[in-house]
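Asks: Grabbed the feature section from TrEMBL, which reads as follows:
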REGION    1-25  region 'Disordered'
DOMAIN    35-168  domain 'Molybdopterin cofactor biosynthesis C (MoaC)'
BINDING   Leu95, Cys96, His97, Met131, Glu132  substrate binding site
ACT_SITE  Asp146  active site
Amino acid sequence: MARASRASESPGARESGEQSPGALSHLDERGAAHMVDVTEKGATKRTAVAAGALRTTAQVVSLISTGGLPKGDALATARVAGILAAKRTSDLIPLCHQLALTGVDVDFKVAEAAIEITATVRSTDRTGVEMEALTAVSVAALTLYDMIKAVDAAARIDDIRVLHKEGGRSGTWSRR
């Protein structure tokens, strides 16, 4: 399918970084994966917000909130893990570019039987920061799970998604 999309591109589109709607930019004309060349793109201010949740029990949420877990302050540890993960996204996701992040915030909302995680990532660069925001949320959630698994092995991570992005050629997008 990617080959068909590539075939519909205008001549020179590959070199200019343009692609037809729906084309996969990480596939070359032979369908092989490659890192997209962003050399000719200008740096613009970019922001992405991602979210996800750790679902557990009300008792475990209480332990997290009061610092009563055997491994210590789960929220502080997960926040730092999420920030570090955003900074290391290009080491984890093979075709991601190394970006100079200008800010990463990882926030938590304590619900009755869940911890909602939100990450906001900012940069002025040539490509978006959605993957960095998703990675921050994912690793923060994994860290929370690691810290509670002794008291709730049935906890689960779910609903990881991009909520909002802005900047670059595609402009602003928000999940409805």
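Sequential numbering from 1, following the chain as shown.
A Cβ is built for glycine as well, from the same backbone N, Cα and C atoms used for every other residue.
Help me picture where these features are in the structure shown.
Replies: Mapped onto DSSP classes, the domain 'Molybdopterin cofactor biosynthesis C (MoaC)' (35-168) shows 46 helix, 45 strand, 43 coil.
Counting only residues at least six positions away in the same chain, the Cβ atoms of His26, Ala33, His34, Met35, Val36 sit under 8 Å from the Cβ of Leu95 (substrate binding site).
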Asks: In this predicted model, what is the average pLDDT of the domain 'Molybdopterin cofactor biosynthesis C (MoaC)' (35-168)?
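Replies: A mean pLDDT of 96 is what the predicted model shows over the domain 'Molybdopterin cofactor biosynthesis C (MoaC)' (35-168).
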Asks: For substrate, what surrounds Leu95, Cys96, His97, Met131, Glu132 with a Cβ no more than 8 Å from their Cβ centroid?
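Replies: Apart from Leu95, Cys96, His97, Met131, Glu132, the close residues are Thr89, Ser90, Ile93, Leu99, Thr127.
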Asks: With substrate as the bound species and Leu95, Cys96, His97, Met131, Glu132 as its recorded binding residues, calculate the greatest Cα-Cα distance and give it in Å as a whole number.
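Replies: About 12 Å separates the two most distant Cα atoms.
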Asks: Please tell me which one of the binding-site residues listed here (Cys96, His97, Met131) sits closest to Asp146 (active site), measuring Cα to Cα?
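Replies: Of all the candidates listed, Met131 is nearest in space.
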Asks: Which one is it: of the binding-site residues Cys96, Met131, which Cβ has the fewest other Cβ atoms within 10 Å in this structure?
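Replies: Looking at the binding-site residues Cys96, Met131, the Cβ with the fewest others within 10 Å is that of Cys96.
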